[in-house]
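Enquirer: Just dropping this structure here.
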């Protein structure tokens, strides 16, 4: 009972945080420029944006399929695609990527809960590493253009930290060193469960080809997200230097993963306004970028809402 109350309280808190953040943003916004840009929308680019959103989900499913094969789970790409669509639908109501990861684990747990959960976690790991790598490349380009060497230093530091964490996570010596401490956790055999779960990680470390392919697909996914934002700029005939998308969008993606609000609402919009206003883009236009991207992904995810009643899971 106490657990349910805590869960409901957290959901209410995240709704309140999302509402508060959006209130802080919207009260400073002049809606006239936003309305004017919406009136001039280019429908050709609007269609392209939805096609790119569907392509992005395909890349997600393909990356997961590759990682699942490490545990000899041979799921069809179309099945994984449907699961991703359903997961993205529930993401609209849950904190950041929690809804997506939960849905994926539930639908595939018949193949082994630990195996599926470890593939989801490793996938997140690779995705975040790709985000930092992409940010690093973009920051170097901007630094080369003499637009801010500090950004290069910050991005380099984050990338190095991420690489160190990645290497440590797949280092067997690291596990051996801390294994006795972890096994001391006797409550409900949590210590043994952690070790078992961690051992599954090493199966990924021994499949470097699959790990590399997953990383490449993660880079393609980031390119697709950036392409959607560029298409949004074209949709509203907004003139700007597209190179900044290659730096700021990965950073915004990382910030949007922080589970403090529902579907990163407010966090994402605030990040768009903050970063793009630094390069002279009006806060109204920056907000329009974010809300349009949110609308595109939300509308696309409705396909998952339609599929949900007909998709069988191991839970039902």
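Every residue gets a Cβ built from N, Cα and C, even glycine.
Take a look at what TrEMBL says about it:
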{"type": "TRANSMEM", "residues": "12-29", "note": "transmembrane segment"}
{"type": "TRANSMEM", "residues": "41-59", "note": "transmembrane segment"}
{"type": "TRANSMEM", "residues": "80-100", "note": "transmembrane segment"}
{"type": "TRANSMEM", "residues": "125-144", "note": "transmembrane segment"}
{"type": "TRANSMEM", "residues": "151-170", "note": "transmembrane segment"}
{"type": "TRANSMEM", "residues": "211-232", "note": "transmembrane segment"}
{"type": "TRANSMEM", "residues": "244-265", "note": "transmembrane segment"}
{"type": "TRANSMEM", "residues": "285-310", "note": "transmembrane segment"}
Enquirer: In the same chain, who gets a Cβ under 8 Å from the transmembrane segment (211-232) while lying at least 6 residues past its ends?
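Expert: Contacts of the transmembrane segment (211-232) (Cβ under 8 Å, skipping residues fewer than 6 from its ends): 45, 48-49, 52-53, 55-56, 59-60, 62-63, 66-67, 122-123, 126-127, 129-131, 133-134, 204-205, 242, 245-246, 249-250, 253, 289, 292-293, 296.
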Enquirer: If you count every Cβ pair below 8 Å, which range out of 12-29, 244-265, 285-310 shares the most with the transmembrane segment (41-59)?
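Expert: The stretch with the most contacts is 285-310.
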Enquirer: Sequence-remote contacts (6 or more beyond its ends) of the transmembrane segment (12-29), Cβ cut-off under 8 Å?
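Expert: Same-chain contacts beyond the ends: 95, 259-263, 265-267, 269-270, 273, 283-284, 287.
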